[in-house]
Amino acid sequence: MFNDQSKTTSSVKGICATTDNNHGNLKKTNSTPFRKNYLLNGRTKLKLENFAYNASTEISSPKISEKKHSSLPIKRKNTFNESSTSFSPFTKAHKEITDDLKPDKSFTRKSDLNSQDMPVCFQETSKDLCRSSSTQHLLDHQTTDSTIIDMKPVSTNSKSDVFTLYTDETVLLRRCASDNKPLINNNLSSSNVSENQSRSFGSYDEVKNQGNNLHKVPSLVSIIRNARSSEQSRIAANSSCLLKGSDTEIDEDDFALEAEDLAALDSLERQYSQLPNSTVTASAKDIEKTAKVNHVGGDLQSYCSATKASDATINEEPVNLALDKACNSLPDINSDFIDDWDDSCDGCTPGELCEFSSEYTVLEVHEDFIFHEGNHFRQLKLILEANDILHQLFLRGDWTETSIFVGDSIRVEATFDKDNTAIVDNDKGLIIIHPKILMSATAVASSFPCLRKAVISDRVGIYGPPTKAMVTGNILHDFFQHALYRGIDALENVDINLETSIKTYISDIYFADLSLDEIREELDARLPLLKSIVERYLISKKNDNNNESIHISRLLDIEESIWSPRFGLKGNIDATVEVVLTEKPESSSTLTLPLELKTGRYVDNISHFAQSLLYTLLISDRYGINTNQALLCYLENSTIKNLVASNSQLRGLIMTRNSLAQHNFRRSLPEMISNRKICDHCSLVSECLFFQKMSDKGVANSNGLTESWNEWMREVKDEDLEFYKKWEKLLNQEERLLLLKRGDVLTFDTEELEAYGKTLYPLYITKEDIVCLEIDDRVFHYKFAFLNDNGYPRNFLHSGFSVGERVFISDEHGHWSLAKGHIVHIQDSCIEVRTRHRLHIPWLKMPNFDFKKNQVFFGNYEDSKLSFIGSNHTRYRIDKDEFSSGIASIRGTLMSSVLPDAPLIIRDMIIRLKPPKFCNSALIDPEFLKCLNEDQITALKKCHAAEHYSLILGMPGTGKTTTISSLIRSLLAKKKKILLTSFTHLAVDNILIKLKGCDSTIVRLGSPHKIHPLVKEFCLTEGTTFDDLASLKHFYEDPQIVACSSLGVYHSIFNKRKFDYCIIDEASQIPLPICLGPLQLAEKFVLVGDHYQLPPLVKNSRTSKDGLSLSLFKLLSEKHPEAVTTLRLQYRMNEDINSLSSELIYGGNLVCGSKTISQKKLILPKAHLSDGLPDSSSSLHWVNKLINPSHSVIFFNTDDILGVESKTNNILENHTEAFLIEQAVSSFLERGVKQSSIGIISIYKSQVELLSKNLKSFTEIEINTVDRYQGRDKDIILISFVRSNSKNLVGELLRDWHRLNVALSRAKVKCIMFGSLSTLSSSNIVSHLLKLLEKNKWIFTLNENDIATKFDENSSPIKDCSQVATTNNAKVIIRKNQRFFNSDNLCEKAILPQLEF
């Protein structure tokens, strides 16, 4: 946005300019050039050279017209001033993406391109304008600073009148690929490169004669740059959540231009800047020839060497009038969804759906005009890339209003010709933008008439109590689906079935503040309408009085969940049915159609039509048929409508879906509609106006609602709004990464997904168990086993999946999310998933199937036909369900925290950080202070004395759980109501276990499969039933303690209950915005944690550094240390182990709680087996050190045994350390140590999986990452540091002292570490640890004899140390290729590499 209407300073990636807005002239000023350190390797340089010297074509320089003519301005929807509002919703989000992902501002380059010498011709108008009118604002308001695009006269020769257009001089779009980089001016220059640095590429004439392609160099460079950048972003996205243990050390390889590359590039740029202006005259005979102006087939290299400029046709008509006509003739995308909706076809039925298309990346977006039948028409030309093949796509008609950005991913439902060119217009074809973002059909349909409301609804999680309409609607839906399944039998025993449904929804009735009589009255009034529908459309087709043309003959599925990346849609269809349609008495057809039931009072609603027609696309994709019809059932008038989708309607719906996806991807908002009539009745009007106020535009002129709203918002201070802006920006950044990661599941190769622990494939079903519930409700349990095509055994226990995890099941044919559920059991050979939807094969057709007249499938309810379920013919895949991040709910809580009605404790204590107050004394029954130490007693007294909040810093092993349970008991004695929450379910349950047996009642909220068996008595399960509302009210409202996870506070019970105290355990692991939800529900709060251990887990490393990893606990403890009570006495570690964390992290403040704890040592039940151990001169001296109880801490240095790491596909492993840990485990077990007493920790998940695989026979040994081990402990802990390399690279994870602190504080009597002393010393924090270990003589350096003679000839990885060459070169080769053992056979010989001397 421009802050100065007269003059603006712009800085965009290498151009610093001042612009006079009145004239639009760009005047270059001095700027300091810097280079972005991109990697251009030797292959890149060769590409550039081949590109510059391609002699396949010879192009002569066209003559330049000397004739001067007056300029005619092009009509454009956007202007370069602040008042421009067209399509501005993307501007702010685009700016945020730029802030988040652009290179450092210091990396700018001064352009040497002279505005008078820039070669531009009319057929390159599209390259210069770069955008459709709907997205030109991104060039108008580009990056973080405003950009003024220089519009200069460009001459064009023609036999007709010669005229001049204004076009952009400098804009050359970069490919922004999948890392969401924004559009930026890519101006390359040769400044600051001396002649002796650059290689001569010959004169301009020489280059011209060999093929003048130099003007394409910037595009090639940008593609190469972003290909590298995109790959890094993708790797970082998958690595950032620590899957496979990657530490995102993607920049270990130098990522910079070498001097020779710089010289070559600058030489090309210099020649590029010397090219003369050119003019080209083009003509076209008709519209189709105009479309195929470029031959873009082939790969990227051919694109760089052979792509020519686009042709365009211009007639004698004045350009401004032609453009006026073209722009004004475009219809509005919502024109098909006005009040006079036409259910009939518009004369052009949708053709057969194209074959499932590839996903393309948009490399270039050009805007130009075509001439047809005496008129100019606007079109967009896209250059696309898929699998290194370039394609050209032309968008015409309504599609020119589509917002498309360079770097967007799209799917194309159109046929490409042999030249890889296709056209999408109003007659044929579709494009799907960001198909991996699955927009729900309901959300798309709800965007009529307000697109902004649909976006806000998705952006902000609004959780209110259920309403009467919702409850009755759900019951009626169930009854209707039961009728579809049972037919005429459903009309019998209606009263009994009705009462059963009421019991099923009794919780919703309670939370909606309804009585059972109210519900019965409402249902009694509407059930006759439902019966009428059943009798007219479901029962006998040959009824005497049945003249309906629609007969539902069979039910295929209920609540069918369909995900369609093909159309970028998802939806839950009320019913999928087979319908007999009778157009004429003698003619009928059986079709498979979606059926949507609407139980509300409003009929013929436009959003209902839109939702139903979108379901036709989902059905077409799932069942492999071409259908354009849907059934819409209105209970209010007992009718079923057969809707027929026309091309124009589907086109409008897909374009609306694309707009929603683009706003979702760029985190932007559409403009307000400013319609008082609509806004008065909008449920999200407050959120809408709040977002408007947060934008730079304010709400002053939004609409007539603002006066009262502004009065209300006067209570909100600027610091409150700044608080919201800060955290909302961080949430957006985190959400953006999660959005990309969700899409990865739908597109990535299964091998890569399996490597990151996200997917299991290929699987087949071994068993199906069905549990019948009330009415027709059923639960299904499926057991899956791996289908081992290659004969390689695979183990589910090491797959990265765990019990309780939410998953969805798909098949190998691209039918996504056939069922959702959670894992209930895992064994090495099978995995069991519980789901409420039966797995079936939707595409399985009956023998008499016909695509047009008899679309009959087996369906989900043909039990006799489901014998194929257990066969191996269908391969399934299980994916982790990461599509529900909860960020929308967190954003809604964040917003409510700054509004005027937010609790004062939030606004004063958290936002404004006022100091907490404490009363002078607090009375506590001494009974609750028994068995507590001095620190714990002080903590309890401070919590009781707090008027606002109190903090408890619990160091490792200091008894935080015991302190919390004692605090709760003391508060219960004072009749206080308590909300107990934590970051994990396990922490909540550990506290509740200690509270079992107390007099007060407890209610535990959460999914039963995530709750510890010992506390399931406190929660609702499927077997829990209530006969009346009074007993349900007693269950929810009487208990003094309500317990849930930190994200479980969006339960409906919290609309009814408030608390005296909120106690949050693990508060140092919870991001600040998440803490706001629980704290809004209580008058006071107590936070318990340790910010010296693991901070909040944030997926996006950039967001973490920007502050999202800051916990409320850390913020308050540093701002107001007087509120903190520290627990210093620990009861876990002996003195030696305690000294590690105490001296490194806590400044000596962590001390043993008793002498017994301090002196505790390892007990070996079979210690006599150690009597014959060799002395210190023996090669097995390391085993003696290992098991010696007096050595509580020991570090085994692997530098001298070639224990190097291996890194494949960004997966880090160290087989040497894994080998040593196996031997250590065997040594302990041989001497009687229990498996359950041993724990193994690694920083990297890939190493954890390697160890788990190699130790799979020891099922009671817990092997996990540091993150999973927080809050747990073992007698013996073995730590694998993994990193060992010649470059001494340790990665980011080993620079994190929080993580190191957790690893070192898990052991009780024995802490054993394996690692490379030389490599780990390069980490500052680990080097301090090593110095401490060296000081205490706790380091033992292993040598080759320690492992070489341990095994006999048949099992030795390296039989004899003489096999290992001692020269430096040989060692390097071994270190690079060493693999000690095969994961399936610990004693298998390694194949030694060929040594070179």
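Positions of Cβ are set from backbone N, Cα and C atoms, glycine also.
Since the structure is predicted, the reported quantities are computational estimates derived from the model, not experimental observations.
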Per Swiss-Prot record, range annotated region 'Disordered' [choices 1-32, 65-96]: 1-32
Among SER219, SER620, SER1031, SER1280, residue that the record in Swiss-Prot marks as phosphoserine: SER219
In Swiss-Prot, the member of SER134, SER329, SER864, SER1362 to which phosphoserine is assigned: SER134
Proximal but sequence-remote residues of the same chain as LYS960 (ATP binding site) (Cβ under 8 Å, at least 6 apart): ILE952, GLY954, ASP1065, VAL1088, LEU1127
CYS450 ([4Fe-4S] cluster binding site) versus MET955 (ATP binding site) - Cα distance in angstrom: 53
Secondary structure of LYS960 (ATP binding site) (DSSP, helix/strand/coil): helix
Lowest local Cβ density (other Cβ within 10 Å) among binding-site residues: THR958, THR961: THR961
Cβ-Cβ distance under 8 Å to CYS682 ([4Fe-4S] cluster binding site), same chain, at least six residues away: CYS450, LYS453, CYS688
ATP site shell beyond GLY954, MET955, PRO956, GLY957, THR958, GLY959, LYS960, THR961, criterion: Cβ within 8 Å of Cβ centroid: THR963, ASP1090, LEU1127, GLN1130, ARG1132
CYS688 ([4Fe-4S] cluster binding site): tally of other CB atoms within 10 A of its CB: 26
Candidates CYS450, MET955: member of the binding-site residues with the richest Cβ shell (10 Å): MET955
8 Å Cβ shell about CYS450, CYS679, CYS682, CYS688 centroid, [4Fe-4S] cluster site members excluded: ARG452, LYS453, MET672, ILE673, ASN675, ILE678, LEU684, VAL685
GLY959 (ATP binding site) CB neighbourhood, other CB atoms within 10 A: 22
Binding-site residues compared (GLY954, GLY957) - highest count of Cβ atoms within 10 Å: GLY954
Nearest-integer angstrom distance between the alpha carbons (Cα) of GLY959 (ATP binding site) and CYS679 ([4Fe-4S] cluster binding site): 54
Whole-number Å value for how far CYS679 ([4Fe-4S] cluster binding site) lies from THR958 (ATP binding site) (Cα to Cα): 56
Spatial separation of GLY957 (ATP binding site) from CYS679 ([4Fe-4S] cluster binding site) - C-alpha basis, Å: 56
